[in-house]
Amino acid sequence: MKLTCVVIVAVLLLTACQLLTADDSRGTQKHRALRSDTKLSMSTRCKGKGAPCRKTMYDCCSGSCGRRGKCG
């Protein structure tokens, strides 16, 4: 019984720590999943329309690199 209570308290403490850490780090990851162009442009420096780009770098503010290697 005592061991069960200790385990429950430990799980609750770890859960609380996870929730606090997740709340503090919200919006600070640079390339999490590239969910939106707005988040990408706010977290990194992006290139404007017509600037040279690479499709693998995701560095255009618009989020799209054209066929000719220029931001769209």
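Cβ atoms are placed via backbone N, Cα and C, with glycine included.
If you look up Swiss-Prot, you'll see CYS46-CYS61, CYS53-CYS65, CYS60-CYS71 marked as disulfide bond, on the strength of similarity to another entry. Sequence annotations record features per position, and here Swiss-Prot assigns cysteine amide to CYS71. The signal peptide annotation in Swiss-Prot covers 1-22, and the record cites sequence analysis as its basis.
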- [ ] Other Cβ atoms within 10 Å is the metric here; tell me which of the disulfide-bonded residues CYS60, CYS61, CYS65, CYS71 scores highest.
- [x] CYS60
Open item on the list: Return the count of C-beta atoms lying within 10 angstroms of the C-beta of CYS46 (disulfide bond), excluding that atom itself.
Closed with: 18
